[in-house]
Amino acid sequence: MSRFRRGGKAPDPLSGFRAPKEQEPAVPHGLIKAARKSGQLNLSARGLTDVPVSVWRINVDTPPEAHQNVDFGGSDRWWEQTDLTKLILASNKLQLLSEDISLLPALVVLDIHDNQIVSLPCAIKELTNLQKLNISHNKIKQLPKELQHLQNLKSLLLQHNQLEELPDSIGHLSILEELDVSNNCLRSISSSVGQLTGLVKFNLSSNKLTALPTEIGKMKNLKQLDCTSNLLENVPASVAGMESLEQLYLRQNKLTYLPELPFLTKLKELHVGNNQIQTLGPEHLQNLSSLSVLELRYNKLKVLPEEISLLNGLERLDLSNNDLGSLPCTLGSLPNLKSLQLEGNPLRGIRRDILNKGTQELLKYLKGRVQVPDVKTQEDENSTATAMTLPSESVVNTHAIVTLKTLEYCEKQASLIPEAVFNATGSSFITTVNFSKNQLTEVPARIVEMKDSVCDVNLGFNKISSISLNLCMLLKLTHIDMRNNVLTSLPSEMEAMTRLQSVILSFNRFKHFPDVLYRIPTLETILISSNQIGSIDPTQLIKMTKLSTLDLQNNDLLQIPPALGNCESLRALHLEGNPFRNPRAAILAKGTVAVLEYLRSRIPT
């Protein structure tokens, strides 16, 4: 019987003479070997607390295979190695870098981001070939002055550290193109940054800066400057000289006014939201010919200047959460504007349905109301005003007719539209007619002359008691405003207006909901508040699949039929000011979704 247990391993009789087994290296030898050939070594996310000496000495020490392979004809030519040019030590647990880093003078890229490094070694100055240095997401409080010797450095990433200042010597990095010091503790910036004339991208966001040095204006090649989330109260006038600037971020500061930027003709984006800016004048807008994005949200603007129309290239304008009570009509003339944000402003004088329809409908609305100095026609000059004809009645806005395709004769207190007004249109292709705020008792007969082109008619604030058949012949009409008249009914011939999308009938004398509206399936908006309507037919409203806004406020509705809750297309339903008991005011206050849900719950099953 063997003296060893079955299955057991016999002891090594030479074990006492063998050298102890070496601990497995933190960096596999295969990686080091491959790096000697490629010149690149990636040791990211390996849990390293120190960098192995073999990494620093990769191009100094003779590799182990040199002692094993003396065959000069072999394919593995260990003596033909490449200097290490790229070293990645990111996402480890490093706290310090050895001075032995000087043994890697050929490094072009050094990435040590996402560690716990508190300082850089003085030997960093030996890396004179370094072009990109990423030391972001560490715990560095101070940069060594030796950094100035990195004369080939193009990218320096220092974001998310604990820096309280930048050394004056940073100005010696003469060919630096990218500098990111965001998310640090900087309270000021050295004037020496003005020497970084090759800088293209400069990120100063999320610090504690109260001012920028005047010298920053010397950065003539800078394209992007980000100063978001600081404590800036003003911007130096020298910024206006940064003629290559394309993007300027000044969000979340304490600015009360904007600097004048007369020479920033290449500026494409200006972000100044979340400040305390109260005024915006023409001097801020002129010469910004390339601007495509202007962000002014969360400020205190009360007036938007008419000179906003100078920004012909503007594509996105964010004015949300300001104190704007009105908008300049010239805003409608911006040819490239695709997004206009206005939420949170106390806007008056613009219909809610227009605001709800989005940017393009709002711009169209504003464009149709551009006021241009009136020009008298020859017929007007030869006419003589009488006691029955107000002098203002002989004035025609010919500029609006020719350029805006708008025929406008409003606020004249006229009982008739002068023939000269219609004659002035000539062969122009009129799309908008505005005869509001007069004393008209009927729809002008000659309006039918524009039936092939007109799509928007405003006859609000008159004394019209009925809609003529002439108006029903405007088959291209998409919007009609008849508010504040004395209408009691609508003609059945309106059924032929198959392009009609919006109708405003508020403040008239309707006692019944006009049946003809049920038969116009294209309607999206019906505003018929402040009348005397006593009932509605939900079965007909359900068939109007495009109806999204229905305003029935201040009528005589004694009950709201539960079936109205099945109008799935409704996005805005206004019922306040009626004598019905249900839904209760508390439910109405919750909005359209809650009201429709309540009504559906009342449908008998």
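Start at 1 and count along the chain as shown; that gives each residue its number.
Placement of Cβ uses the backbone N, Cα and C atoms for every residue, glycine included.
Residues annotated as region 'Disordered' in Swiss-Prot: 1-26.
Residues or ranges marked as repeat 'LRR 2' in Swiss-Prot: 106-127. Averaged over the repeat 'LRR 2' (106-127), the predicted model reaches a pLDDT of 96.
Note on the repeat 'LRR 3' (129-151): DSSP counts are 5 helix, 3 strand, 15 coil. Annotation comment: Swiss-Prot describes 129-151 as repeat 'LRR 3'.
Sequence annotations record features per position, and here Swiss-Prot assigns repeat 'LRR 6' to 198-219. Taken through DSSP, the repeat 'LRR 6' (198-219) splits into 5 helix, 3 strand, 14 coil.
Only residues 6 or more beyond the boundaries of the repeat 'LRR 7' (221-242), in the same chain, are considered here, and those with a CB under 8 A from a CB of the stretch are 182, 197-215, 248-264, 271. Residues or ranges marked as repeat 'LRR 7' by Swiss-Prot: 221-242.
The repeat 'LRR 8' annotation in Swiss-Prot covers 244-265. Through the fold, the repeat 'LRR 8' (244-265) approaches residues 205, 220-237, 271-280, 283-284, 286-290, 295 of its own chain, all at least 6 residues removed from its boundaries and within a Cβ separation under 8 Å.
According to Swiss-Prot, the repeat 'LRR 10' annotation covers 290-311. Counting only same-chain residues 6+ beyond the ends of the repeat 'LRR 10' (290-311), those with a CB under 8 A from a CB of the stretch are 246, 251, 265-282, 317-325, 327-331, 333-334, 336, 341.
Residues or ranges marked as repeat 'LRR 11' by Swiss-Prot: 313-335.
For the repeat 'LRR 13' (429-450), the DSSP counts in helix, strand and coil order read 6 helix, 3 strand, 13 coil. The repeat 'LRR 13' annotation in Swiss-Prot covers 429-450.
The repeat 'LRR 14' annotation in Swiss-Prot covers 453-475. Sequence-distant neighbours of the repeat 'LRR 14' (453-475) (same chain, 6+ residues past either end, Cβ-Cβ under 8 Å): 364, 368, 405, 410, 429-443, 445, 447, 481-491, 493-494, 496-499, 504.
Counting same-chain residues at least six beyond the ends of the repeat 'LRR 16' (499-520), those with a Cβ under 8 angstroms from any Cβ of the stretch are 351, 353, 455, 460, 475-492, 526-537, 540-541, 543-544, 546, 551, 556. What Swiss-Prot records for 499-520 is repeat 'LRR 16'.
The repeat 'LRR 17' feature in Swiss-Prot is assigned to 522-543. Using a Cβ-Cβ cut-off under 8 Å and counting only residues 6 or more beyond its ends in the same chain, the repeat 'LRR 17' (522-543) has close neighbours at 351, 353, 356-357, 483, 498-513, 549-559, 561, 563-564, 566-567, 574, 577.
If you look up Swiss-Prot, you'll see 569-590 marked as repeat 'LRR 19'. Within its own chain, the repeat 'LRR 19' (569-590) is flanked in space by residues 352, 356, 529, 544-560, 596, 598-599, 602, which lie at least six positions past its ends and keep a Cβ under 8 Å from the stretch.
Mapped onto DSSP helix, strand and coil, the repeat 'LRR 16' (499-520) counts 4 helix, 3 strand, 15 coil. Applying DSSP to the repeat 'LRR 10' (290-311) sorts its residues as follows: 5 helix, 3 strand, 14 coil. Residues in the repeat 'LRR 2' (106-127) partition by DSSP class (helix H, G, I; strand E, B; coil) as 5 helix, 3 strand, 14 coil. Non-local neighbours of the repeat 'LRR 2' (106-127) in the same chain are 39, 44, 59, 83-100, 133-144, 146-147, 149-150, 157; each lies 6+ residues outside the stretch with a CB under 8 Å from one of its CB atoms.
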